[in-house]
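J.: From TrEMBL, for reference:
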type	residues	note
DOMAIN	5-73	domain 'Glycine transporter'
DOMAIN	93-165	domain 'Glycine transporter'
TRANSMEM	6-22	transmembrane segment
TRANSMEM	29-50	transmembrane segment
TRANSMEM	62-82	transmembrane segment
TRANSMEM	89-109	transmembrane segment
TRANSMEM	115-134	transmembrane segment
TRANSMEM	146-164	transmembrane segment
TRANSMEM	170-190	transmembrane segment
Amino acid sequence: MWFTAFDIIGTVAFAYSGFVAGARRQLDLLGVVIVAFLTASAGGALSQVLLGEVPRILTDRLASGLIFGTVLVGLALHWTGIRRVERRWTFVTADAIGLAAFAMTGATLALSHGLAFFGTTLLAFLTAVGGGLLRDSLIGDIPVVLRSGFYGIIAVFVGMAVYACDRLAIAPDIAPPAIFIGAVVLRLIAHARGWSLPVLTLPDD
């Protein structure tokens, strides 16, 4: 139940973040669709390939329908002049929701395949950051996972928390949404306050 819910939430949120990123970069219609599609599907597809599965985006009509539906809604709001949906805070919020949701699906998928602690954490990370990394690269930005310490690390924390709760059988009905909400809130606070891991600097030659 939770896997499907988080998969839907993550797909819509990341498709929307891809739409906003493309619109803010003034891409054409096809460009916006491509960025939204890859943002919403790349992380999950990578994880599924690593597990020897056919990516769901190639077989699941719901996933592709959600992506294109999200883009259509975004375009409708854009063309009707409701530009607030393309502001920076909407992008950050959608990205935080997608990050947390796909970290949850990655960790859950890993557990369903019997992966250990490291595998669960790694799959949570790859599923969560894969789409955003590709999105940022396509629009010419340094991927946020490489410049914001409290982005990728949140996906790692989610993977660790999901694994621990599963192994200890802690509140199976409450833990998943609690971890998800906590991850979203932490990401938004980290962004608002500029939290980051230490940055390595080299002296000038």
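Positions of Cβ are set from backbone N, Cα and C atoms, glycine also.
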J.: Using DSSP, tally how many residues of the domain 'Glycine transporter' (93-165) sit in helix, strand and coil.
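T.: Its residues divide into 63 helix, 0 strand, 10 coil.
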J.: Counting only CB pairs under 8 A, let me know which of 6-22, 62-82, 115-134 has the most with the transmembrane segment (89-109).
T.: 6-22
J.: Let me check one thing: do the transmembrane segment (115-134) and the transmembrane segment (170-190) come into contact, meaning three or more Cβ pairs under 8 Å with sequence separation of at least 6?
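T.: Since fewer than 3 Cβ pairs under 8 Å link them, the transmembrane segment (115-134) and the transmembrane segment (170-190) do not come into contact.
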J.: Within the domain 'Glycine transporter' (5-73), count helix residues (DSSP H, G, I), strand residues (E, B) and coil residues, in that order.
T.: 58 helix, 0 strand, 11 coil
J.: Considering every residue in the domain 'Glycine transporter' (5-73), what is the mean pLDDT value?
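T.: The average pLDDT of the model in the domain 'Glycine transporter' (5-73) works out to 92.
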